[in-house]
Amino acid sequence: MSGNTFGKLFCVTSFGESHGPALGCVVDGCPPGMELSAEDIQQDLDRRKPGTSRHVTQRREPDTVEILSGVFEGKTTGTPIALLIRNEDQRSKDYSKIMDTFRPGHADYVYWQKYGIRDYRGGGRSSARETAVRVAAAAIAKKWLRARYGVVIRGHMAQLGPVEIPFKQWEAVGENPFFSADPDIVPSLEEFMDKLRKSGDSVGARIRVVAEGVPVGWGEPVYDRLDAEIAYGMMSINAVKGVEIGAGFASVSQKGTEHSDEISPGGFLSNNAGGILGGISTGQDIVVNIAVKPTSSIRLPRRSVDKMGNPAIVETHGRHDPCVGIRATPIAEAMLALVLMDHALRNRAQNADVACTTPKIPGHTGPREGQEEGPSDSEPKVEFADDPEPDEA
């Protein structure tokens, strides 16, 4: 199996299966000299780990991280950082009934056809358990980005099934199991999930993740566009079926006068582009939404086939998330952090000596997430000259 490495300069190679002895990764390209401890990484792992509420899988994994290399006397050395997370609560017998059949909506069938063998225990390599090491690696990236550039990456659940979750305050996100930025809606979300869990069914979710403080200039203009690599990273997360950056699909119904983010000396007047133009960061917040599909492992009977191609009825028992989106927020944050870290290093390597005399435009003239965009009360009035004749293509 190839394709287990993410990134070009900040590279993360992961390994391990859901019911194997351990999961792990090797992080190559971390700059030397940054203070780093297991506690720095554990904070984000604790946000993602299973068994934290009745609304997620009851598999009890401490997800304790071990740093095996790349850190000496509390600081990164610039050599590969190896991280290990041991599996401690596997219950493989729960999967004995599906060892010869394929779960609808799961990777079981395509793994079998591609490799001629599959680890049916918890989905093996296709399990979302693999994302634990992404979160661990990204904790390193988050710390470096914040220390070096002041970049802050955070996310929240924006929709649970049919329930839209309005944004109210970042402070609320860490105070409930849904990563909801609206504390008032949490009781309704709990009631919704209690009914869903009793029914044996599952549901999807939408997660929004925002990166603040990203400087102008990160990203490449053609194949390695920043937004393209963000979409690539987000789509690599298990169960993600859609990615929006900025206005996303809403831009279809917008007009040019509405979608194009006007610029004044005081800042951008909107952020429909989601902080990226031409594949390069603008200095505005980078805003990403992802769609997470309903969990395919459900207790309700579903039609499928067995290894011989015969009809079969599949009911999946065991410990599963009725909504994998509930724990997806730190994973989405992680993938955005990994992309930004990689591009930060790439930009530094190629463009460190570039000096532009044009003043940098502030990313915002008004309020941020959850508030209406637009000029602030102190925004100076600017008169714009008539547009010049367009250049020939």
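Glycine is treated like the rest: Cβ placed from N, Cα and C.
Secondary structure from DSSP puts ARG48 (NADP(+) binding site) in a helix. According to Swiss-Prot, the feature NADP(+) binding site maps to ARG48, ARG54.
The FMN binding site annotation in Swiss-Prot covers ARG125, SER126, SER127, ASN238, ALA239, GLY278, LYS293, PRO294, THR295, SER296, SER297, ARG319, and the record cites sequence analysis as its basis. Within the same chain, the residues at least 6 positions away from SER127 (FMN binding site) whose Cβ sits under 8 Å from its Cβ are GLU17, SER18, ASN238, listed in sequence order.
What Swiss-Prot records for 355-393 is region 'Disordered'.
Across the structure, SER297 (FMN binding site) and ARG54 (NADP(+) binding site) place their CA atoms 17 angstrom apart. Separating the Cα atoms of ARG125 (FMN binding site) and ARG48 (NADP(+) binding site) is a whole-number distance of 18 Å.
When the binding-site residues ARG48, LYS293 are compared by the number of other CB atoms within 10 angstroms of each CB, LYS293 has the fewest. Cβ neighbour count for ARG125 (FMN binding site) (all protein chains, 10 Å cutoff from its Cβ): 20. When the alpha carbons of ARG54 (NADP(+) binding site) and LYS293 (FMN binding site) are compared, the span between them is 20 angstrom.
Distance from the CA of ARG48 (NADP(+) binding site) to the CA of LYS293 (FMN binding site) is 18 Å.
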